[in-house]
Amino acid sequence: MSHAPSPTVTLDHRFARDLPELAVAWQAEDTPAPALLALNDSLAVELGLDPDWLRSPAGIGLLTGTDVPDGATPVAQAYAGHQFGGYSPRLGDGRALLLGELTDSFGRIRDLHLKGSGRTPFSRGGDGLAAVGPMLREYVISEAMHALGIPTTRSLAVVATGRGVHRETVQPGAVLARVAGSHLRVGSFQYAAATGDVDLLRRLADHAIARHHPEAAEAEQPYDALFRAVVAAQASLVARWMLVGFIHGVMNTDNMTISGESIDYGPCAFMEAVDPATVYSSIDTGGRYSYANQPVAAEWNLARFAESLLPLLAETQDEGVAIATESLRTFRGHYAAVWSAGMRAKLGLAGAPDDATTSQLGTDLVALLQADRVDHTSFFRALGAAARGDAEPARGLFLDLEGFDAWTARWLALGPDATAMDRVNPVYIPRNHLVEEALTAATSGDLDPLGRLLSVVSQPYDVRPGLERYAEPAPDSFGDYRTFCGT
Ligand SMILES: Nc1ncnc2c1ncn2[C@@H]1O[C@H](COP(=O)(O)OP(=O)(O)OP(=O)(O)O)[C@@H](O)[C@H]1O
Ligand SMILES: [Mg+2]
């Protein structure tokens, strides 16, 4: 049933061309009975792809990598990585392929990438596959993050393959078609550095500068400027995760991008009751990637990035370390600036000065939310009503009413802007119990709950009648939430 690929699909291969040492030409595995489960029409249009064509057998062939345009050369990308602090010299795309790059309607270069497309030379012991549930999970959460305005990889489609995937039970298999500014990771630099080939490392850095941080090329020390730009991008990203209660769950260096986009929605979840120690991932037993530890983890990863850049920073290792140490110090300032500006906006005080009064207000609030384990998302949204004169919805979330009243009086005295608050405090995030409900239904063939959830989280700021259950935290009966990676 192979139709001619649409003549409009033109894939470039900049990554493979610039960095052949990091690209292994490879083919996707065949799909016995492909069925499209989700397609992101608006993203397709943004990429210059016709959604109707993507629904055709030839389009599905592109989305699974089984029918690629003439001359296209999909590659598995090499990367290394520190996983939970331990270094793995050779990870790479063990179940993924970069099909190539597209230029979108804004003129941006975007990777078209597949996850779950079969074994590659990087598969190690793995089967190269992915299951429907986890790929749809990545689709829902990445699109929710995008709607929240947080830099992220995007999801173009999920196609069920018709192949069974052996996990704890046999699951239906799927391929996710993912779109990203690039798939360059901190681990890509670690891999290049470990080869000892400084020319390769320099080409990788130049490629990253050209794609993501072009202003660095003009700097006196372009590679230090690249490092500083990545420090700023990741500090900002993690601050924005914190402001929506997002917990990535597996912040290994191979899951941190050079672009500053969130990547790899494996064991991630949104926190409900505010608690800095929150961990959802079943394998994160030490809490390394807990909610409150995320900025520390990002900074640690950036130190590993700096180590890999050392040969480009200076003639001697000592000089390089001095430069990198100085630049890494900027992380905390960037993080604090984005977090406090974001917190002021959440409190409707965007115009207020960034002074001790407003920063104390933010700190005191976090302490109150933590003490009463208040639902993060409901609280901030309810606070908009408090700014309009109705404090009851927010007040009702606390046990410490005196504490809440005292804090609210201080906050109201600063004149919060309720309308502005509603533009930054989402009503709808992908609630854990609703994500699970939608994935369970989809796995057994009912795509309706998934479709509804996607439409809700794609417009997170607009209250819509009838969607009350999407705005509420999980019932107690849902119990402690656990997520799994490598699925
Ligand atoms: N089923 C599998 N078969 C082969 N390799 C796998 C499998 N699952 C994970 N891997 C590999 O293990 C490493 C770590 O996996 P991790 O879960 O962080 O990434 P991923 O979810 O596969 O992909 P990405 O980071 O691109 O979103 C990667 O090298 C990945 O390719
Ligand atoms: Mg990963």
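Keep in mind that glycine also has a Cβ here, set from the backbone N, Cα and C atoms.
All annotation found in TrEMBL is predicted automatically rather than curated by experts.
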According to TrEMBL, which candidate in Arg185, Arg288 joins Gly92, Gly94, Arg95, Lys115, Asp127, Gly128, Arg178, Asp264 at the ATP site:
Arg185
Three-class DSSP secondary structure - Asp264 (ATP binding site):
coil
Round to a whole number and give the Cα-to-Cα distance in Å for the pair Asn255 (Mg(2+) binding site) and Arg178 (ATP binding site).
14
If one measures from the C-alpha of Asp264 (ATP binding site) to the C-alpha of Asp254 (active site, proton acceptor), what distance in angstrom results, rounded to a whole number?
9
If you count other CB atoms within 10 A of each CB, which of Arg95, Arg178 wins among these binding-site residues?
Arg178
Quick one: Cα separation, Arg178 (ATP binding site) versus Asp254 (active site, proton acceptor), in Å?
16
I need the nearest neighbour of Asp254 (active site, proton acceptor) among the binding-site residues Gly92, Arg95, Asp127, using C-alpha distances.
Gly92
Chain-internal residues near Gly92 (ATP binding site), provided their CB is under 8 angstroms and they sit 6+ positions away:
Val24, Ala76, Gln77, Ala78, Tyr79, Thr120, Pro121, Phe122, Tyr191
I'd like to know which of the binding-site residues listed (Gly92, Arg95, Asn255, Asp264) lie near ligand 2, counting only a CB under 6 Å away.
Asn255, Asp264
